[in-house]
Ligand SMILES: Nc1ncnc2c1ncn2[C@@H]1O[C@H](COP(=O)(O)OP(=O)(O)OP(=O)(O)O)[C@@H](O)[C@H]1O
Ligand SMILES: [Mg+2]
């Protein structure tokens, strides 16, 4: 039973079409990896789900509720969280203030904060530090914790390991697994295949704004040439 | 000739100017800071506050203090409502596109001016101060109403500061200011925040307008000067910075007061304009603005 169903998204930047019938289905407690080259439309797809760019076609359903006509600010309230590419923390604000923004629309903010900090305990010691001064890995943890403050059913992660040291990448990978084990449906965008193989349940390859192929992780493991075909490994 | 009394008088005049300027400029700065909108109609909201005070004074019988108190609350509320409507009906529809907002706020400014002219006529209207009590200094008496202006301005600015730094609304405004898209991603209704900010900025100008009428007069063209001076303050102080705007308002208000008393008001205007030119050349992010943060 899928938590989130996205069907037939079209989106344009001016005249050029960035999404062509983009569709995905996500189940609770699974990690779906969206892979694709630079400019394939991965970031655009996540923004279209969040409603921060305009779609010209398509439908989105979360837990049986049709969200297609809602304004952008209602999407997170309905239960979809987004960790954007390049982190986009409020660098001048403290860790606590960043989390407070995540909590701003929650009714029971104490419980939500405990939940988020429980998933990312490293942050508890840093609550009053300016978030711009955190290490790269900690900043990524903070963006994920901030997103978890809305206690989402679905989380969209846009290249969370981009620009991180290998040790920090391992930390993020563990965090993704914790989210999944908590029953959250994870849509993970990555370019580095080696970063996703250990955590993914399913893989979707995207190119020119549409999904070209879908595989289970076992299919990919058994035939690594798939990766060459769709993304070009090493990219 | 003893210079001390003149200096005191000039300083007091300067502080009164600075207070009014601080309110007006903070409104402009807030709107620019959060929404990236250069509101050319800001001076008209100030003018509407003043005209509102005059209207209250003519409509409400009894002691001038009563109509003044009503004006101080009702005029800003009405102006705020008007601004929120303008935001919904115009700015939101043009997606806050920078060039388009400048042109359309120029349009809003003319519409407000002409409607005021058509409704209330071209005359300058005087309003009695709410109280006449004079504070005696050894050399001259000074209107206690002017101290009241300073007091109200300081109280309002302190409230604004607390709201921005310590309230949830302030946090939402700051989040929207830093990153609109991320704010949306956390369920912050950015459209509503914008309307509120635009209304709030206009209300600050309207309060300044109400405060200023008993000293000067209400007139449909009175918005020009405060708009220009607010731009000067906002540029000198650093766009969107609250402390910078306050400091620049005090600096410019005081220098304006001193130069006007000792030399001439024209020289005072020349000096502030020169200051802006210098700031733009040598420190374009403003005296107090942080480089790199627009
Ligand atoms: N704001 C924009 N205006 C115009 N074109 C855009 C805009 N943002 C993205 N594009 C274009 O849309 C296409 C998809 O971009 P998108 O950012 O979604 O790709 P991506 O798969 O996330 O790439 P990357 O892996 O580099 O992050 C690209 O061709 C890009 O140039
Ligand atoms: Mg991207």
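Positions of Cβ are set from backbone N, Cα and C atoms, glycine also.
Among the features that TrEMBL reports, transmembrane segment is placed at B:15-38, B:45-62, B:68-86, B:145-164, B:193-215, B:227-252, B:258-282.
Distant neighbours of the transmembrane segment (B:258-282): 6-7, 9-11, 13-14, 229, 232, 235-236, 252; these residues of the same chain sit at least 6 beyond its ends, with a Cβ under 8 Å from one of its Cβ atoms.
Residues 24, 27, 68, 70-72, 74-76, 78-79, 82-83, 112-113, 116, 120, 125, 127-128, 201-203, 205-210, 212-214, 218-223, 226-227 of the same chain, all 6+ positions outside the transmembrane segment (B:45-62), place their C-beta atoms under 8 angstroms from a C-beta of that stretch. If one looks beyond the transmembrane segment (B:15-38) by at least 6 residues along the same chain, the residues whose Cβ comes under 8 Å of a Cβ in the stretch are 45-46, 91, 96, 98, 101-102, 105, 146, 149-150, 152-154, 156-157, 160, 173, 176-177, 193-194, 197-198, 200-205, 207-208, 211-212, 215, 226-227, 229-231, 233-234, 237, 239-242, 245-246, 248-250, 252-254, 256-257, 294.
Cβ atoms under 8 Å from those of the transmembrane segment (B:227-252) belong to residues 15, 18-19, 21-22, 24-30, 32-34, 40, 42-43, 46, 157, 160-161, 164, 177, 272-273, 275-276, 279-280, 285-290, 294 of the same chain, restricted to positions at least 6 beyond its ends. Residues 12, 15-16, 19-20, 22-23, 26, 30, 72, 129-133, 135, 170, 173-174, 204, 207-208, 211-212, 214-215, 242, 246 of the same chain sit 6 or more residues outside the transmembrane segment (B:145-164) yet have a Cβ under 8 Å from a Cβ within it.
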